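A.B. asks: Pasting a structure below so you can have a look.
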Amino acid sequence: MHEESLQLYQQVLALLVQYYSSDHLDIVHALINIGYTLLNGKENPELALNVFQKSLTMLERSYPSYHAHIASNLNLIGNALRKQTKFDQALEIYNRALKMQEDYYSPKHIELVDTLTNISHTLSSQEKVDQALLFCQRTLTIQQNDYSSDHINISYTFNNMGNLMEKKKEFTQAIQFHQQALAIQKKCFPLGHSTIIATLKFIGTIFKNQCQYDQALEYYKQALDINEKCFPSNHVQLTSNFISIGAVLSAQEKFSEALDFQNRALAIREKNYPSDHVFIAHTLTHVARTLFNQKTYHQALESYQRAINIYEKCYPSDHTDIISNLNNIGDVLYRLDKYDEALTYHEQALAIQEKQNETALIDMARTLNHIGNIFNSQNKFDESLHFYHRALEIRETSDSLNYQAISTMLSNIADVLYKQRNHIQAFDYQQRALNIPKTIYSLSDVRIAESLHSMGHTRYGQKMFDESLNFYQQALKIYEENHASNFENVALSCEYVGASLIQLEEYEEGLKYLFRALQIFEENPSSDCEQLPICLCTIGNSLLEQGNPNEALHYHQRALAIRQELYSSGHMYIGTSLGSIGNIFSNQGKYDEAFDMYEQALVIYEKFCSSEDLELPTCLSNMASLLNDQHKYDQALSFHYRALAIQEKHLPYSYTTVVNVLKDIGQVKVKQSNFDGAHDDFSRAVALLQQYDPLNHSQLVNDLEWIVSIWKNKQCYRCAIEYLQQCLHIKEASLSPEHLSIAATLLDLAHVHRIRDEYQLSLIYEMKYYSIIEKVFSPDHEDIIDSLANIAQCYEDLDERQIALKYYQQILTIYEQSESVSDFEIFTVMDKIELLTEQINEELI
């Protein structure tokens with residue numbers, strides 16, 4: 001039909017050119033008709049623009065520069081530019097037209113309405129919603145002065161204002177404007193009309209975007225009812241209704257019903273349009289989106305690829321539909337774990353968007369987010385953060401009213417920071433993400449519960465289990481009270497609550513929640529089939545922590561059986577279950593059975609894990625620990641070194657696991673009396689902690705104390721003292737002055753100095769040690785008595801026998817007041833006192 005109209009207008013133009021002069025107004029009108037047809041067809045809008053510019057040139061030769069006909073032609077040029085997304089140029093043209101009309105008519109003349117509306121649409125496309133609304137309101141004022149209150153044109157302006165209010169996320173006002181439009185339209189077209197259908201769809205879409213799906217379906221079905229009264233069941237006019245209804249059903253996860261409507265639309269369009277028509281591509285995109293939501297990714301990919309093939313034939317390479325489908329294909333490939341292929345498609349989309357004007361910024365933010373997701377999944381965290389931050393900056397500056405998108409970006413950044421173990425910053429971003437939905441949604445909204453889950457995960461990772469429990473309980477309350485039918489999230493919340501309680505050693509209460517989660521998963525199979533075995537594993541791990549290995553084994557074996565059935569060709573999760581069972585056998589001292597499980601797990605990990613996954617090195621470390629327990633030190637070291645080689649590839653993010661493996665290696669070498677090698681490993685561990693986690697005082701001290709132990713074994717006490725001083729410095733800076741850990745280091749320093757015959761230094765540290773423990777322990781505590789004896793011995797070694805005697809007498813007084821001291825201990829100290837007394841008396845003679 002379009003091609004026929006274009007051909008007819010071209011024939012008319014050819015006849016007019018034969019009979020009229022080149023600037024005759026009838027030729028101008030013919031050119032305008034051709035341009036208008038081109039603009040509304042699938043041709044490049046540049047062709048229409050050329051025609052309108054030619055007609056403008058002719059008009060400017062025939063009319064004064066301010067004439068209304070010139071202004072009308074400028075509007076057509078602006079429309080062609082707007083269709084090419086050249087919004088700044090379009091606005092410049094529209095404003096020229098508006099100035100002419102204001103001069104030719106008056107600022108409140110009805111003829112200005114089309115130009116004002118065009119300017120409003122263009123500003124809206126640039127996301128300058130408030131400015132667009134001003135022009136819309138000016139249009140409405142003019143119309144209400146010239147038309148009756150129920151004039152159809154007023155309804156169109158109400159629709160435009162409703163659409164703008166929707167962009168501002170002021171949904172209630174948006175619906176009110178559309179309802180006003182609908183009331184007028186129903187008066188003007190009592191038997192139904194395409195205008196009424198459009199308004200019903202506007203309202204339905206607002207409800208859909210607010211996740212109010214039942215209300216959305218009500219309006220979409222009203223629109224369909226009108227069309228079904230006017231057209232046969234296989235008419236193309238019905239297809240947009242089918243697509244809208246299908247989108248809502250897809251959002252409700254009623255995928256079969258959704259696909260039924262969308263495939264009906266596709267079948268009708270394929271019968272009525274050529275195979276490369278954009279309407280077919282649009283429908284394929286909707287079908288693909290539903291297939292994607294249904295997680296049938298291969299079918300979704302096929303539909304998206306069919307759609308993009310059509311778009312590439314119909315549109316220039318930088319068209320939004322092409323960009324959108326490049327991202328869609330990338331997203332499907334991402335879900336199929338084909339990260340490099342996915343990245344290629346997203347990068348193609350981004351390259352196009354970066355060449356476009358500011359109107360592409362919001363779509364660019366989506367693309368940046370996709371790329372960030374890929375790098376996140378590949379554990380390339382710096383790259384991921386770079387793209388996430390770019391996307392967040394765009395959202396906050398150019399899409400500041402899209403609170404949900406901003407909240408999502410903040411959550412994504414928090415997720416990466418959490419994986420980098422930067423828990424403090426991660427929690428800050430999560431709080432920002434939570435505060436956004438709190439300002440725009442009710443406190444019972446599912447998005448708030450999701451944010452609470454994320455914050456709980458961060459606190460759990462920080463081992464702040466009281467706080468993680470609080471967040472998980474808040475989320476569970478929201479799901480139970482307002483989304484009870486969402487069984488999966490209720491179950492997950494129960495599982496998280498239970499896990500936190502277990503960590504707080506509230507085992508009985510924790511298991512209640514875990515078993516409740518298990519029951520929900522068993523009675524309501526999740527769309528994520530992995531949730532049930534994960535829950536079984538969590539229960540198994542909890543039972544193992546309580547010292548119930550046989551019960552724990554039962555649940556891990558159930559999880560393994562389910563996973564082996566789910567993943568008949570193998571999967572990393574099977575390795576996870578085998579590894580967990582290996583841990584139980586190891587805990588029971590069943591080393592052969594444990595090693596067999598680890599070996600099976602290792603085969604699976606080597607086949608299915610990517611280089612970024614940590615399961616493989618963890619399995620190697622478990623095998624090494626098992627061999628270590630069996631005193632097979634050389635074999636243990638072989639597995640530890642394999643684990644270390646993998647972990648070191650992911651520094652700095654893997655520094656904690658690298659530190660742990662280095663410690664494990666060092667401890668094995670200590671057992672082999674390879675003290676030099678052990679010293680090197682612990683020194684590397686200390687250096688990594690000082691570089692990446694200098695505030696992790698407890699682990700830093702632990703590693704330094706291992707080095708102290710090594711120097712003692714080598715009888716290099718001077719070096720041991722050097723490292724003990726480092727331990728003391730760290731402890732004094734991070735602990736309270738009377739902490740027993742400080743006392744332990746002081747005692748160690750006293751002993752090493754005594755070995756070196758440095759009695760004065762030994763005495764100083766022993767006295768400091770005693771000053772701490774005397775405030776903590778009872779006077780007859782064995783540590784008090786030992787310290788008094790050490791002080792006495794130091795004074796003896798310093799030939800200060802009078803002072804030494806006083807300390808031995810103090811010990812004797814404690815013994816005499818204690819009921820738990822043996823006669824041997826009393827006689828021993830009495831002998832010491834007697835001997836010292838004789839020596840003192842001899843010195844006096």
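Cβ coordinates are placed from backbone N, Cα and C, and glycine is handled just like the others.
Not measured: the values here are computed from a predicted model.
Sharing the feature lines straight out of TrEMBL:
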REPEAT    71-104  repeat 'TPR'
REPEAT    155-188  repeat 'TPR'
REPEAT    197-230  repeat 'TPR'
REPEAT    239-272  repeat 'TPR'
REPEAT    281-314  repeat 'TPR'
REPEAT    323-356  repeat 'TPR'
REPEAT    365-398  repeat 'TPR'
REPEAT    449-482  repeat 'TPR'
REPEAT    575-608  repeat 'TPR'
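Where in this structure would I find these features, and how exposed are they?
C.D. replies: Averaged over the repeat 'TPR' (71-104), the predicted model has a pLDDT of 87.
As a summary of secondary structure, the repeat 'TPR' (323-356) carries 28 helix, 0 strand, 6 coil according to DSSP.
Same-chain residues lying 6 or more positions outside the repeat 'TPR' (365-398) and placing a CB less than 8 Å from one of its CB atoms are 127, 323, 327, 330-331, 334, 339, 342-343, 346-347, 349-350, 353, 358, 405-406, 408-410, 412-413, 415-417, 419-420, 610, 612, 650, 653.
Here the repeat 'TPR' (449-482) has, by DSSP, the following mix of helix, strand and coil residues: 31 helix, 0 strand, 3 coil.
Within the chain carrying the repeat 'TPR' (575-608), a Cβ under 8 angstroms from the stretch's Cβ atoms is held by residues 533, 537, 540-541, 544, 549, 552-553, 556-557, 559-560, 563, 615-616, 618-620, 622-623, 625-627, 629-630, all 6 or more beyond its ends.
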A.B. asks: Within the repeat 'TPR' (239-272), count helix residues (DSSP H, G, I), strand residues (E, B) and coil residues, in that order.
C.D. replies: 31 helix, 0 strand, 3 coil
